[in-house]
Structures are given as structure tokens and as C-alpha cells.
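If you scroll down you'll find the structure; I have some questions about it.
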Amino acid sequence: MIIADETPPSPSKSNATLQSPLLEPVSPPAYGAPPHQQYQPYNAAGSSAAYSSGPYSPLLPPNHAANTDLEANSSRRDSPAQRFWKAFAVAVLIYVLLGIFFGTFSISVHSYQSKKRWYDEFPIPSDIAVISCTRGTEMQTNTYGWSSPFSSPEFPLDDSAENSLLSSTYGSVQTSLSLPLSSDTLFFLSRGAISKGSVHIASSPDLADADTARVDVKMTYVDPRQGNHSDVLDQTTVCLVKRKGGKGKQMGVGLFSPRHWSSSPYLIPQIHYDVTLVLPESRGPSLTHLNAFETDLPNFQHVFSRSLDELVTFGRLLLKGGNGLVSAVSLTADNATIHTSNAEIDIQSLKARTASLYTSNAQTKGHFTTSHSLEINGANTKVKASIDLVPQSGDKEGKVGIKTSNSFIEAVINVHEPSSSSYSGLSFDNSSASSSSSSSSSPYSPTISVSTSNGYISLLMPLLPLNSALSLTASTTNGPMTAELPATYEGSYSLSTTNGKVETEFDHTKDPAGLGRKRRLGSGTSPSGHSSMFSDTIYWDEKNKEMGKIRMKSVNADVQLVL
């Protein structure tokens, strides 16, 4: 029988007991039931001694282990109601957070949609800022005298087309805008799948403000679809716009329709814009001057049926169309660029310091006057041009270039004496023999280049100043070539061809300077009847025999030069 000592151990004993394992080995306990251990109340002062007395003392303080168990048991003892309310609180918190997030997102979307304007759906270029727009449905209805669209000149349809569109909706609307003439640039712009039409320039004494131009826009439509015509009108707009960036103030008018038309190709509406720039009539001797006028109008034609050089002059004139002709009676500009495709350029008179023209699959014809340079380019384009190169006083060179393909070139080029005339009143001295040029220490040097393929070249040059250093290059393939120059030409010439012959003719025997000189050939001979290549010089004065240069070349055709 083992009797347990119930007397509480003294601190000294406890300390001795704690030290005993380190000082001497402890005897193993006897086998059997462990002695009864009585736990002492925990206090902070004696905690280390209280729970450590005896070999069966717990590793943690009694109260610490008990507290841990109580906390674990407490968490395990949460009732179902408590667990429900905790989950409910978490769900409410998540709901509130999601509501805040999606509410903010919805506000942002709504704010973005409110900032997005209705005209943003149109293909407006990124460099264009819209000032205001008018939908077709907001324009004034225009009353026509025709009973159907087929009697309108805008829609010259044949009988079969008329029969297929008898149920079409048709009509016309119009609007007007104002542009300040003080703008550095005035421009017209068009984008959209069904935008097409024509541009005109006119004048009116009725404009109240002499510093403002009016733009009249008439839109004629034919809608083959059954339904309300407001659909097609609602999807077209005319806008007052300005160009972002760039130099100065650039104001214009934009004509826009949808990028794509979703209906059947057989049910696409037809729209024709008639755009007229109405200028105030000049109240003095000077003409109205526009710093710059530009158009960027695909599928538009430019028709200037009156003499605009009696009305307005342009600093820079840029007419850019496509699938539409460019026709003008007279234009005057410092710099002119005219570009179209699949339609002809027909200008009765264009006067410009520099000019550039281009079209394709059509014809370029007209009379062109330039003081510095003229370029006529095309693809599959016939060229019929009358050209006056009129250098200004002090100019030392001028350029004329004509280039096309798969078609012919017919050109008459007059090179005039340097003149102090202005473009608005050019007067030409038709006398090619002038003492002013002959006395010049530095000769005027015109450069002329003519080129095509699969077509002939006919070049006539009636006028050329004395002592001019002309450079002429002409080439073609599968077509003959003829060039005729005046007696004032002096310099070298070279003719060549394959599967053909070269030929020269000399028709001028009288001295153009009136000095009684005789014309000389460097070799004193002419090409034989079957020659395919020949070079020589021709001159009135020995010192000028290398002044000019002519190079003519063809393939599979004859070459002829008349001097």
C-alpha cells in the first residue's frame, strides 16, 4: 500500500525537485497505478513551480490547456442559428461590395454612352472634329417638278431600271451652312458606302456678309426598299467640321453615310449630293481669293461650268475625287492638284505656278499654263494637252512631264520668254526670237519628258526662246513617235528604235534671230532610209551646238524628228 503525501510541497522542495533531474538520476516509478496528483490553483507568481512538481506534471500549465480546450469546445459548440447568421452577414457584405462595384461600372458605362454622340456611328476620320451635324430627316424638304426620280438628271436610268424601281421611295432635302472666307483652308469631305454626288462653285450678290461663303447641300435619294423613307435620311448627315492640328484655321463641310449598308445589294438606296460653294461677288476690282480650297470626295464629280478666274483665285487648289469627272471652264491657282479615277479630266484653262493632274482609265485634256512645273500622269489614260510654259522674270528652269500607259499622247507645248505677267492676266509674246534671252548670260533651261507604252506620241513645239537649253526626252513602245521643234532649237539629238526606222527633216532655213546666219549640222548628213539609230547636232551658232539635248526612243515603231 502506497500512502500519498498530501502536504503541499514547499518552494524549497519544488526547487530541489526541479534541480534533481540535473543533479542525479531519478528512479523509475513502480509499475501499477500512478500516484494521485493534485493540481494546485494557478497563480502568476508561482506558476512555474506549481505545474512542474512531480514527474507526472503536464507539459503546459493547467489553466492554459484548459483555456485552449474551452476555446476549441466553444467554437465547436456554435449553434446552427449562429452559423446561419454569420453566413448571412458574409453574404450581405459580398452583396454590398458587388453592388458598389457593378453600380460604379454601370454609371461608367452610362456616362460613356451619354458622352458618345449620335454622329459617332458615321465613318468620320480621326483628324476631323465635328462642330455640328444635321441628319437627313432634319433637312428641309425640297419640292421638285418631276413626278418620278427617273426624270431627274441625277438618276439617268434606263427603262428596265425604271420598271424595277417603280415602287421606290424618292425625294429631295436640302440644307445650308456658312464658312468664313478668312479660314486658312476651306474643304469638303465625304465618307460612306452610298455617298456620291457633284461639286459646283458659284457666286451670289445676295450674300449679306462679304467675308462668308455659303455652302448649299441638296440631297436627292431613291430608296428601293418598301417602308418609310426616313430610314435612309436618318442614316445620312451633313456636318460643319474642322480639321485637328495642321496649320491655321481649317473649316469645312462633311457628308457622311454608313460604312456599310446591311440590306441586299439590290435594295441599297441611291443618294446624290449636289454641293455648291456660293461665294460673295467682289465689290471692287480685286477678285475673291481663297488661301486654300480642298476636296476629298470619292465617287464625286467636280463641275465648274463658269469661268472661275473671273470670280475667285486660289492659293492652293486640291481637287480629289474618284469615279467622277473633273470639268472646268477656267481655274487660276498658285498650286493646283487634280486627282480622280475612272473618269476624265477636262479643263479648258488652268493657270498655275505648279500643277499636277492624274486620272486612270479615261482621258486628260485641256489647256494648261504654268510658270514652273506641270505634271500629267495617268494609267490607261489618253492625253490631249495644249501647254504654255511661261517662266517669270528671273526663273532659270521649268518642267513639263507627261506620263501614261497603254494609250497615246498628243501634246502641243509652247515655251515662252520670261515674263513679269501675273496669272490673272497672262499675255504671251508669240515671237520666239527675243533679244532679251539672247543677251542673257545664263540660258533658260526647260525640261520636257513624255512617256507612254503601247501608244503613239505626237509632240509639237511651236515656240522656244533663243539660246534656250532645252532637254527633251520621249519614249514609247509599240507605237510611232513624231516630234516637231522650232528653228530656235540648237543642240544635240539622238533617235533610236527597234524593228522600225528613224528619220529627220529640216524645214527651217531662215535665221530666227534675223542675223543672216546659216543653219549647220554636225555631221552634215541625215540617217539612211533603214537606220534604227542616229545622232547629230544642229545649230546656228558654233558655241550652241551642245546647248540643248533631245533623246527619242521607241520599240517596234518608227521615230521622226522635224527641226
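Just so it is clear, glycine is given a Cβ too, placed from its N, Cα and C backbone atoms.
Feature list, courtesy of TrEMBL:
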- 1-51: region 'Disordered' (REGION)
- 84-107: transmembrane segment (TRANSMEM)
- 358-503: domain 'DUF7330' (DOMAIN)
- 420-445: region 'Disordered' (REGION)
- 424-445: compositional bias 'Low complexity' (COMPBIAS)
- 505-530: region 'Disordered' (REGION)
When DSSP states are grouped into helix, strand and coil, how many residues of the region 'Disordered' (505-530) land in each?
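Looking at the region 'Disordered' (505-530) with DSSP, the answer is 0 helix, 3 strand, 23 coil.
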Note the mean pLDDT of the domain 'DUF7330' (358-503), expressed as a whole number.
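Here the mean pLDDT over the domain 'DUF7330' (358-503) amounts to 88.
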How does the domain 'DUF7330' (358-503) divide up by DSSP, counting helix, then strand, then coil residues?
7 helix, 72 strand, 67 coil
